[in-house]
Amino acid sequence: MEKDNVVNGHETLEFQAEVKQLLDIVINSLYTDREIFLRELISNAADALEKIRYQSITEKDMLDPDLPYEITIEPNEKDKILTIADTGIGMTRDELVRNLGTIAHSGSKSFFHQLVDADKKDLNLIGQFGVGFYSAFMVAKKVRVLTRSYLPGSEGYEWVSDGVGSFTINQAEGLKRGTTIILVLKENAYEFAEKETVKKIVQRYSNFVPFAIMLDEEKVNAVQAIWTRSKSEIKEEEYAEFYKFISNAYDDALFKLHFTADAPIAINALLFVPGENVERFGFGKIEPGVSLYCRKVLIQQKAEGLLPEWLRFLKGVVDSEDIPINISRETMQDSTLIAKLRKIITGRFLKFLGEQARENTEKFYEFWRKFGVFLKEGAASDYTYSKDIAPLLRFESSKSEPGKYISLDDYVERTPENQKNIYYINGPSRELIEAGPYLEAFGVRDIEVIYTHEPVDDFVLTNLAEYKGKKLVSADQADLELPELAEEAVNDEKQDLEGLELRNLTAWLKQTLGDRVEEVKESKRLVDSPALLINLNGYMTSSMQRVMQAVNKDFGSMGGKALEINPRHEIIKGLESLRQKDEEFAKLAAEQIYDNALAAAGLAVDPRAMVDRMYRILERALKE
Ligand SMILES: Nc1ncnc2c1ncn2[C@@H]1O[C@H](COP(=O)(O)OP(=O)(O)OP(=O)(O)O)[C@@H](O)[C@H]1O
């Protein structure tokens, strides 16, 4: 921000470049849901009041200590002006310049980043996520802000801007503590100077603001700490409204959990799972959404550290009278009290999900599809809870109906006692897994295999290592030790390569493929495919290696592989005889078999070499 001129305390300052860009879009492109500007300004006023209420408890010295904590809205229909005033914390001159001249704060900052990559058509969607103070310019051609900080000895200031390029700052006399925002409405926004319109908007969006909102001396909001009331008294519509209020949401919550606990600490919590997971739509990482209160006084809004990070999608409030009111952000992180709160709330929420999974299965599936990724994150990264999350995990499997899920408990329940492992295999879809070679050995033995579709699943299952006494084993691992098949199942009249021939072929293949594989051996598990790759490294499945390859190009060689060949397959038998007649061509075939096995394992294949080789093979096939 550059200073342009200073005349007798009057200063004109340029908006930061990002703010200019933001304002340009706010003014010229955001048309729908313009009324949310009022929600944003009221929410800023409420934040300022929460802060002063907090200060009044921890610090005695402040300006105008006797002012009531409230928000006053004054529509002036005659002059087409709307005024929103609060008796909150106010701003010093520096704060005014920083807060209303730059994008230094969370809400608008993440909005701005979305905006930079957004298409025009997405802009209105983004509007739903909050533009903060600058949204005033959706309806106002000029905005005046009068403010005076609560700090003893502070002066009052006036900030004025038309939202284009710059703003001015002047000293202002005679102000009391707090902030007043005066909007000179645009011609197409005159409706916001009508009392009835304003009242409706306040009731729609700001009914639960915990301070009185006065409109012509009438209190227009409900002002209730709904979470402290008894469950039986609260109507579903009140919950729904409260959810919309705290999460700035338009849709309904998917789940609601309202509970109280007395021991070991007193807790009153009201939590919501939102209707949608916005991280899925590329809106960046969700910020924590649960606020911490002590006896209805806000201690920390959207408190970080209150819940484990993987529960960041939850919205709501936690009120505990056992939390010291002056707990600071820093001490929150390592407070044993907060740790206890976290444990109780997390445990309670996971238990709630378990109940939903049993009693409300379809809805739980909806939750799983949208938010399952967070539970996986928890199971893979948070050892405190991974065991408790495990029963909530859901998967497709070789025995689940398409589109339905199974749990690890379902798997264990229908598995014979003597099967010591739970098997899983990764692939992008059911179809691709079922077309690949890894299931063959399990299919003929009627052993269920869990399908994992995302690399994180394999991290989850590897970290869990076992479930109810059964080891979790990826079907691409070496040494599966599957039960021997009955003679009839194997002997289908086909002639195998045997003894010496087989030993010669495996040795030749190892020599041909060189370092790409650590060994080549006869497969005990293949039925219909010529070959497959298995992992010698028991800790990394192929899909985990794929992730590592993507982040680190040199990773490829770390995961030791063995090529298993099917001595009963026509291609393998053919390869053995071709090798005697035309070794050069046999080498090409061997490399292609290896590449096909890589592809079946979902690992990277060099497409140029592969295409070139395929042409040479085709050329030869077409000649004959
Ligand atoms: N009525 C007010 N009283 C005191 N400070 C205010 C007031 N309105 C805005 N501010 C200050 O200006 C800053 C910027 O407000 P803005 O609404 O743009 O973003 P934000 O409130 O930080 O983000 P979000 O709206 O996403 O929570 C606030 O963080 C606050 O410090």
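Every residue, even glycine, has its Cβ placed from backbone N, Cα and C.
Listed in sequence order, Ala45, Ala46, Ala48, Leu49, Glu70, Ile71, Thr72, Gly178, Thr179, Thr180 are the same-chain residues six or more apart from Asp86 (ATP binding site) with CB atoms under 8 A from its CB. Secondary structure from DSSP puts Asp86 (ATP binding site) in a beta strand. Per TrEMBL, ATP binding site is recorded for Glu40, Asn44, Asp86, Met91, Asn99, 106-107, 128-133, Thr179, Arg329.
Across the region 'A' (1-329), the model assigns an average pLDDT of 86. Here TrEMBL flags 1-329 as region 'A'.
TrEMBL lists 547-624 with the feature region 'C'.
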**Request:** Consider only the binding-site residues Asp86, Val131, Phe133: which of them have a Cβ under 6 Å from an atom of ligand 1? Write none if no residue does.
**Result:** Asp86, Phe133
**Complete:** Using a 10 Å radius on the Cβ of Asn99 (ATP binding site), the other Cβ atoms enclosed count 18
